[in-house]
Amino acid sequence: MKILTSILLSLAAAAMPATAALGAVTAPLPAAAGGAPETTVSPAATASDAAQANAPGADAAPGYANDPFRLKPVDGVGQPTPGGIDFQPQVTDNGAYAYWMSNSILLPLITVISLLVLGLLLWVMFRYRAAANPVPSKTSHNTFIEILWTLIPVFILLAIAYPSLSLLAAQYKPAPKDAVTIKVTGYQWYWGYEYPDNGIPEIISKMLPPEEAAKMGEPRQLAVDNRMVVPVGKTVKLLITGSDVIHSFAVPALWTKLDAVPGRLNETTFKINKPGVYYGQCSELCGVDHGFMPIAVEALPQAQFDAWVARQGGHRAGAKDLAKPDVPAETAPSGEAAATAVGDDHANNSGERAAPATAQ
Ligand SMILES: [Cu+2]
């Protein structure tokens, strides 16, 4: 037995340096497919690595830094607050309704039910303990009480079902015709936003390095270079997909969260009531930089949104349809002329938009 113990001890001693080394320095993980940067355990290091790897063309001055129109975020709105335990302030009707339902109906209800059950348990434990109640009752049925404890929960559930189902229906309400359509694509590890109705090709959106975010007065690990810009007071229809693995598009202040699944187009809508910047994050574990692909939605009044669309070289939704000749194909202008027109339309903004991401 002694021999066995000493062998075990010496084995442990031999293993110690290796274990210590593993604890002190970080083990480089094998590079993921596509050549992810070497990963360390320290979140800060990973963040800056990821940000550097993701940063758009290092030599070119970043467009976002010189953008006079870029909206400043407001503390406590559209972003988490330190120590916060409540939902973020909601800026959509569905979000406000859900917030009301959660904090004015469900929370009081579960508090009352929990306290009632706790009170009943305590009462039973003390009043009917063996010392206080040596001869237990032989009662096995009480029809009146049984009807009560069946019907009361049924009525409570029915009362909750009505607002719950109407919220569900509101969330799945199809987008109206004049909705602004944005195709959202989740990539490892950034987002792409395309405005098909406005003729704006995909805009790549990547996290700002922490020091850049600080310089811009934006929250760390939530700020991005190119935001998703949307109009206020108009329904936005998102067509969400993934290009590699499953991501999830989630913005708490907009009450919006939907998976981005490769090979599938998921649809959701929201209508923002207040101009502002609303941050979110990928909410489906999607790989090593899952924590570094934030979302920033900038909601602008319609006129400013139109101006933004123009700066991107896009056009009003429907303008393309108006320009489209309303005549049979034979008498339509030649394809070449149409192609040139579209080309011109898109040429003047190429400098403003971030270059598409190179292979990661
Ligand atoms: Cu993701």
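We count from 1, first residue shown onward.
Positions of Cβ are set from backbone N, Cα and C atoms, glycine also.
A TrEMBL annotation is a machine prediction, not a hand-curated record.
Among the features that TrEMBL reports, signal peptide is placed at 1-20.
Residues annotated as region 'Disordered' in TrEMBL: 38-58 (among others).
Look at TrEMBL and you will find 79-175 tagged as domain 'Cytochrome oxidase subunit II transmembrane region profile'.
Within the same chain, residues 132, 156, 160, 163 sit at least 6 positions outside the transmembrane segment (105-126) and bring their C-beta atoms closer than 8 Å to a C-beta of that stretch. Residues or ranges marked as transmembrane segment in TrEMBL: 105-126 (among others).
Positions annotated as transmembrane segment by TrEMBL: 147-170 (among others).
Residues or ranges marked as domain 'Cytochrome oxidase subunit II copper A binding' by TrEMBL: 177-311. The residues of the domain 'Cytochrome oxidase subunit II copper A binding' (177-311), classed with DSSP into helix (H, G, I), strand (E, B) and coil, number 25 helix, 66 strand, 44 coil.
If you look up TrEMBL, you'll see 318-360 (among others) marked as region 'Disordered'.
Residues 93-94, 97-98, 101, 105-106, 109 of the same chain, all 6+ positions outside the transmembrane segment (147-170), place their C-beta atoms under 8 angstroms from a C-beta of that stretch.
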